[in-house]
Amino acid sequence: MPLSLVITAGEPAGIGPDVVLKLAANWSQAATRLAWSGVQASDLALAVIADPELMRARAKSLGLTVTIETLSNPESIPVMREGCLSVIPVSLSEPATAGKLNTHNADYVLKTLAVATDGCLSGQWDGMVTAPVHKGVINESGVPFTGHTEFLQDRTHTEQVVMMLATEGLRVALVTTHLPLRAVADAITPERIKRVSSVLYQGLQTDFGLAQPRILVCGLNPHAGEDGHLGREELDIIIPTLTELAAEGIAMIGPLPADTLFAAHHLKDADAVLAMYHDQGLPVLKHAGFGRAANITLGMPIVRTSVDHGTALDLAGTGLADEGSLWTALGYAALMANARQQNL
Ligand SMILES: NC(=O)C1=CN([C@@H]2O[C@H](COP(=O)(O)OP(=O)(O)OC[C@H]3O[C@@H](n4cnc5c(N)ncnc54)[C@H](O)[C@@H]3O)[C@@H](O)[C@H]2O)C=CC1
Ligand SMILES: NCC(=O)COP(=O)(O)O
């Protein structure tokens, strides 16, 4: 049985439709691009959840020859073929213009996510890959939205999910995700560190086959607090929590000063880094692998991966958007879905 994966095309004014179309147009590269995942390209059934007319119009403006086939039965997604894209249809509220956000299409974006999530939860599909959404325009439409990660946590009724980005040689997971910096310190609680660490540890075991993952933990403050002289979170919260976790069999290394933790000699034997907040960990990851990285949500009953980039409104419809990260996200989704099937 092929693995069946769905891609949500994301914000219709952004580069999501573009990178999905480029992936379909360049599917002849799939064997090479996906070899590292251990899944054969010929074993992948793939469909995009999007408005078929949007995909046709964007293919035309990009000059790509991709046949858009609307699926009448989304239960059975065909194996992917070059130049052909199966679409599970969701209608836009209003026609989309590349580069121009429209609050009226926010409900369309959310519907594509809901269809993908529910289809994976019901076992119809083996995993979902998300193209970027624009958080601002969804909020402006009147729907509070901080990101896919939080949306998926709610929709799958999961107590704790973990955002982890991965590229070749580096995985970075986050204790806090889309929070204003001012709120971060208050969110670094023993309970949150414990929940996130357990999900990360188990996710690396079950989805990535690492029996005893070696995880490096960043401090929150400069120099990991400098013995309490530059902040007390390390002494009062992080160290006691890591000690408790170690007693429960989740041994992690840290807290280490984040500025030197990412030096090569620390990273060479590490399976993952746990950063305390978004802009502590992700700039390093994106510096190392932007365009070849993926965003993975750990801890859910379903497989979900995503691209490492945003909506890049400046590039939508121009043909300049690179689809490299979508290949990586697809590879990770295939790898994880395959691992879960093997573990059944
Ligand atoms: N997975 C998701 O849904 C994500 C969504 N976003 C959202 O995207 C919106 C825009 O975010 P920004 O911070 O501007 O980040 P961005 O990733 O959209 O753009 C940053 C820079 O990278 C370039 N870029 C991005 N993707 C590219 C690609 N595939 N090929 C070539 N160049 C590329 C852009 O042109 C821009 O110069 C925000 O609303 C943000 O929340 C951001 C990251 C991930
Ligand atoms: N920086 C990661 C990002 O913004 C994507 O988050 P999410 O939408 O996958 O939760």
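Glycine too: its Cβ is placed from the backbone N, Cα and C atoms.
Please treat TrEMBL annotations as automatic predictions, because they have not gone through curation.
The substrate binding site annotation in TrEMBL covers His148, Thr149, Lys286, Asn295, Arg304. For Arg304 (substrate binding site), the same-chain residues that are 6 or more apart in sequence and have a Cβ closer than 8 Å to its Cβ are Thr117, Cys120, Gly127, Met128, Val129, Thr130, His148, Leu152, Ile296, Thr297, Ala333.
Under the three-state DSSP scheme, His278 (divalent metal cation binding site) falls in the helix class. Taken from TrEMBL, the feature divalent metal cation binding site applies to His178, His223, His278.
A separation of roughly 22 Å, to the nearest angstrom, links the Cα atoms of His223 (divalent metal cation binding site) and Lys286 (substrate binding site). Less than 8 angstroms from the CB of His278 (divalent metal cation binding site) sit Leu174, Thr176, Thr177, His178, Leu179, each of them six or more residues away in the same chain. By the criterion of other Cβ atoms within 10 Å of the residue's own Cβ, the least surrounded of the binding-site residues His148, His223 is His223. Secondary structure at Thr149 (substrate binding site), as computed by DSSP, is helix.
Proximity to ligand 2 (Cβ under 6 Å from any of its atoms) holds for these binding-site residues out of Thr149, His223, Lys286, Asn295, Arg304: Thr149, Asn295.
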